[in-house]
């Protein structure tokens, strides 16, 4: 049964420009079977359809029409909180269970009642006054979403920026493409025309990096592309190559690193390499459908693959067995997950976004109805929002309300994007530079 494509019912979601738009929309928990004919859209087609080069679909109505909202389904996150590339012509081508809505336990009646004990003595008060204040940087703040963005600078990479990363500790930006990686310090983010802090030239200037991932501690970077190797970089005190992991395929299209930085997935055409980063050894060359490995991601003990064949696959990272597969009807251009690793988001060729719970049978879809060449997704580390970049437009959407927080239009296509883990900066790569936005709160 697992060899057959699942018929996945997706609840429909809408994107809202203003909070007022949601006031008269009823919310429901989960997918109501009573209203399924009205609110759900069945996705499913026979497995094994030959891959065809995608072409723009034909839509009725305005070309830039976004969503046709049927109803709003209520979806939950617990602990909220991609590399995209055209394959041909490198390097110079065109580019557990979540919490319910109420707490899982009820507080006793004693909570919040006045304390009947006597006030602390002067000696205790003196001791309390002697305690130094908690440093500002260690205070845990409430998760929040930005309310806008401000363009602060442009980093002149000189060639197409196929992939980009930004650290939060140093606010260094790494712009990657053909021939080299450029490293920019925080001063360059706010000063136009500043030279990079460093340029890391590849031994073969024809090599091209099309995907990169920062490690969770932001002390290391891993890159892949048209070089027949996955490269590990030490970033401090100065960036340098730690190791080159020789690959079995010519071009790595996407990378994913586990939350503990022990495992890395590298997606090639028709297979995924699974690497032990600690020992720098190849664990397995895992075969997948030939057009289902452009995008990869890891959540817990599962990994996910998707691509041109329109199917999103989940696999067991221990047994390597296929768990599920979902026909999303359109080419998958990017995959990302929320910080709690409970939700997988897939960005599609039609600008649609599919949301799938990693443990429960909950699936939703935002239907945008707009053909796009590029679609990058990035979930913010705080979990309260994510960004979606499509061609020359990038938007921030609040989670889980899907209220649009900000939208930016650029003059040239956006090939990739990243958000600093401190949620201060948004960086996007284009045909010759990286554009920096500061997020406003």
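From the backbone N, Cα and C atoms, a Cβ is placed for every residue, glycine too.
Automated prediction, rather than curation, is the source of TrEMBL annotations.
Quick look at what TrEMBL lists:
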REGION    14-73  region 'Disordered'
COMPBIAS  30-43  compositional bias 'Polar residues'
REGION    91-123  region 'Disordered'
COMPBIAS  114-123  compositional bias 'Polar residues'
REPEAT    202-243  repeat 'WD'
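Sequence-distant contacts of the repeat 'WD' (202-243) (same chain, six or more residues past either end, CB-CB distance under 8 Å): 83, 85, 90-91, 162-165, 167-170, 172, 174, 176-181, 183, 249-257, 259-261, 264, 266, 273, 275, 277, 280, 421. For the repeat 'WD' (202-243), the number of residues in each DSSP class (helix H, G, I; strand E, B; coil) is 0 helix, 23 strand, 19 coil. Across the repeat 'WD' (202-243), mean pLDDT in this model comes to 95.
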